[in-house]
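For reference, TrEMBL has these:
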{"type": "DISULFID", "residues": "Cys37-Cys74", "note": "disulfide bond"}
{"type": "DISULFID", "residues": "Cys47-Cys63", "note": "disulfide bond"}
{"type": "DISULFID", "residues": "Cys194-Cys200", "note": "disulfide bond"}
{"type": "DISULFID", "residues": "Cys248-Cys288", "note": "disulfide bond"}
{"type": "DISULFID", "residues": "Cys422-Cys679", "note": "disulfide bond"}
{"type": "DISULFID", "residues": "Cys490-Cys504", "note": "disulfide bond"}
{"type": "DISULFID", "residues": "Cys543-Cys548", "note": "disulfide bond"}
{"type": "DISULFID", "residues": "Cys564-Cys595", "note": "disulfide bond"}
{"type": "DISULFID", "residues": "Cys569-Cys578", "note": "disulfide bond"}
{"type": "DISULFID", "residues": "Cys601-Cys606", "note": "disulfide bond"}
{"type": "DISULFID", "residues": "Cys608-Cys618", "note": "disulfide bond"}
{"type": "DISULFID", "residues": "Cys628-Cys637", "note": "disulfide bond"}
{"type": "DOMAIN", "residues": "33-452", "note": "domain 'Integrin beta subunit VWA'"}
{"type": "DOMAIN", "residues": "628-716", "note": "domain 'Integrin beta subunit tail'"}
{"type": "DOMAIN", "residues": "736-766", "note": "domain 'Integrin beta subunit cytoplasmic'"}
{"type": "TRANSMEM", "residues": "716-735", "note": "transmembrane segment"}
Amino acid sequence: YCGKLVSMMSLKRSHLCFSIPEGNECIKAIAKSCGECIQVGAKCGWCMDPGFLKQGEATSTRCDELESLRKRGCSSTKVENPQGSQWILKNKAVTNRIKGAENLRAEDITQIQPQKLTLSLRLGEPQSFNLKFKRAEDYPIDLYYLMDLSYSMKDDLENVKNLGTQLMLEMSKITSDFRIGFGSFVEKKLLNPCTGDQNCTSPFSYKNLLTLTSNGQEFNTLVGQQQIDGNLDSPEGGFDAIMQVAVCGEHIGWRNVTRLLVFSTDAGFHFAGDGKLGGIVLPNDGKCHLENNMYTMSHYYDHPSIAHLVQKLSDNNIQTIFAVTEEFQPVYMELKNLIPKSAVGILSANSSNVINLIIDAYNSLSSEVILENSKLPEGVTIMYQSRCKNGVTGEGEMGRKCSDISIGDDVSFTIRITAKQCPKMGKPETIKIKPLGFNEEVEITLNFICECDCHKDGIENSDICHNGNGTYECGACRCNEGRIGRQCECSTNEVTIEDLDKSCRKDRGTDICSNNGDCVCGTCECKKRENPEERYSGMFCECDNFNCDRSNNKLCGGHGHCECRWCICDANWTGSACDCSLDTTTCLASNKQICNGRGTCECGTCKCTNPKFQGPSCEICPTCPGVCTEHKECVQCRAFGTGEKKDTCERDCSYFNLIKVKDRDKLPQPGQAFPLMHCKERDANDCWFYYTYAVNKKSEKEVHVSALRALTSSPLWAGVVAGIVLIVLALLLIWKLLMIIHDRREFAKFEKEKMNAKWDTVREWR
């Protein structure tokens, strides 16, 4: 958004341009009036309360989402939020008609309901209504047989000569009110191409030979008088004939009943552009040009395009049956895909199967209903949802149609219409919806809600708008041309940029509008934020309601609101982030004393004055005498499965968290964040076990226990050990004595042997 409110740069100066991110479309629109606001979307409302705006807020901030307006203090009675509506003007029930019952005129039979309604559309808010369709029994049928009379259809003409009475007989099984007509075509008029003894006439584009009649014999007689005609190329000029049959309703005799056109040929077709081959360049005008039942402008207008044919067949509710030879079936199948409510049947070589082909094609066409709508006004969209037989539903393009419908079946459609913009002329628009191939339709008048109701009560040249320089409407001024400002107090020709800057700065050293807004007519208009609950405010946009301290990731701890970057706390809360509770009930101990008389309650939590005590109410003393004995049995049963409480251990001893360590050296040592007690106790097996007891910062009791136990020093064991020691010492003394005796004997023996050896040496010398 960059200087959008005022076009003259002399009246507005902003330090920079800024963008509003995706999000709240009501805020992004910067609507200057109630009418502009409600056109943004169905979620947007306009606050009419004259005192709604705070200092620094622009008029456009009156436009916001409904919930945001409520939170900002705008009463629901002061919010302009018009809603769309609908009125059904004609709702005649569908006809329950049985064949053979009383005769009804075609115009008295109703197959679609409702017939006429009015919708008031709020932009972005869809309006939905249900449409019902019921296929009536014994519904009148008009069938026009359009035949290719080129020379290749000679044998087919013979079989069609009796078609009238035979077809009347078969169709009487379907309806008691049936009429048939006949026409023929060949090609745009050239010289007679027939040669020699060929009995044929020169080509023609189209002849209406028999207006629709209930006399089948007349059809037979007239067809029997026809002759085949010549042509120079294979494609025929059938599109010219189809166009004239569709638009020349008075000549053909079409009634407002089921209209069938049987197109019979054994060749392809010319279409728009082919006329250039004969020097014809003017496009087909889609109008009736029959004189004496002959198309007279074939030499003047080109063949129609396929799209042009589709439009005219649809406009005149004509369903087409292409009866073609097998050779050209693929071509006409492609054509069928382009023409809604059309069918293709394979014609035998001599057209002998034409009656069965027509009956089958009619049954196929009449068993399907396809809705279409007229051209929509700009900015209007329409969506369909079908509910067909056997619970089958469809949406999107499939929501337009239902298939396999039998006589008397009910199907329904939900139609949703949405407006995205208001019409340029501001007038109502009319659209029509109808089932293809049927003469009935639903007429819908669209009214667009593009202005607020309060607009009607506007006061032109109101004194509120600075001496009559604007219209006071919907709680705000809509300024006259050349005036701006919240009360239209500024003229585009009376002020300078320097004057504006002075009034938009808090002091010389600050930015214009604190860098949070734009200077408009000497007044700061603060920026809008994506979040509708976040706002800048103040004379210089120096305040906001979203930059206060937070606690637990909540603004003002969720216990206050932010005003000009300071938390205003709710009752019983204090602190810069309103995160300190003044309620002392959470500090009450079981004896109804605050913190057991051993501390003070600060922000709803006990602060123990004696460091020996811990816990939510200063009730725990982990280092006091008796702690080890108190927990001995529970530690023993949980760590080693022994002791007096081993059978009730789970029930009585689950009040602490137990952590086993490998040996005594792994136990926690003093000096950590919370006090702990080292304990040494004797178990049931008269062994020492070691553990620590503490209460952590979460007030949870923790016990660390050594898995390795040690023997105790009892008198019994001491006697045993002493006895063993004495025995060992006695054995050692006996062993020592024996060793001494043994050594002395061995030494005496050695001395004796030594003396003997000496005497032996002396004797030898002598």
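Heads up, the Cβ atoms here are built off N, Cα and C, so glycines get one too.
Those TrEMBL annotations? Automatic predictions, nothing curated.
On the structure: features taken from TrEMBL.
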residue: Cys37; record: disulfide bond; contacts (Cβ under 8 Å, 6+ apart): Cys26, Ala29, Ala31, Cys44, Gly45, Trp46, Arg62, Cys63, Glu80, Cys452
residue: Cys47; record: disulfide bond; contacts (Cβ under 8 Å, 6+ apart): Arg62, Asp64, Leu69, Arg72, Cys74, Lys78, Val79, Glu80, Gly475
residue: Cys422; record: disulfide bond; contacts (Cβ under 8 Å, 6+ apart): Gln39, Leu123, Gly379, Phe448, Cys450
residue: Cys504; record: disulfide bond; contacts (Cβ under 8 Å, 6+ apart): Ile512, Cys513, Cys519, Gly522, Thr523, Cys524, Phe540
residue: Cys548; record: disulfide bond; contacts (Cβ under 8 Å, 6+ apart): Leu555, Cys556, Cys562, Arg565, Trp566, Cys567, Ala577
residue: Cys569; record: disulfide bond; contacts (Cβ under 8 Å, 6+ apart): Cys556, His559, Gly560, Gly575, Cys578
residue: Cys606; record: disulfide bond; contacts (Cβ under 8 Å, 6+ apart): Cys587, Ile594, Cys595, Gly599, Thr600, Gly615, Pro616, Ser617, Cys618
residue: Cys608; record: disulfide bond; contacts (Cβ under 8 Å, 6+ apart): Cys595, Arg598, Gly599, Gln614, Cys618
residue: Cys628; record: disulfide bond; contacts (Cβ under 8 Å, 6+ apart): Met677, Cys679, Lys680, Glu681, Tyr693
Fewest Cβ neighbours within 10 Å, where candidates are the disulfide-bonded residues Cys63, Cys74, Cys288, Cys564, Cys679: Cys564
Of Cys248, Cys564, Cys637, i.e. the disulfide-bonded residues, those within 10 Å of Cys543 (disulfide bond) when Cα atoms are compared: Cys564
For Cys564 (disulfide bond), the one of Cys248, Cys288, Cys637 that lies nearest, given that the disulfide-bonded residues are compared by Cα: Cys637
Least surrounded among the disulfide-bonded residues, given as Cys490, Cys578, Cys595, Cys601, Cys637, when other CB atoms within 10 Å are counted: Cys601
Count of other CB atoms lying within 10 Å of the CB belonging to Cys248 (disulfide bond): 21
Alpha-carbon spacing, Cys637 (disulfide bond) to Cys601 (disulfide bond), which is rounded to whole Å: 37
Inter-residue Cα distance where the pair is Cys490 (disulfide bond) and Cys248 (disulfide bond), in Å: 66
Tally of residues which DSSP labels helix, strand or coil - the domain 'Integrin beta subunit tail' (628-716): 22 helix, 29 strand, 38 coil
Integer Cα-Cα distance in angstrom, Cys490 (disulfide bond) to Cys601 (disulfide bond): 59
Residue pair Cys601 (disulfide bond), Cys288 (disulfide bond) - Cα distance, angstrom, rounded: 98
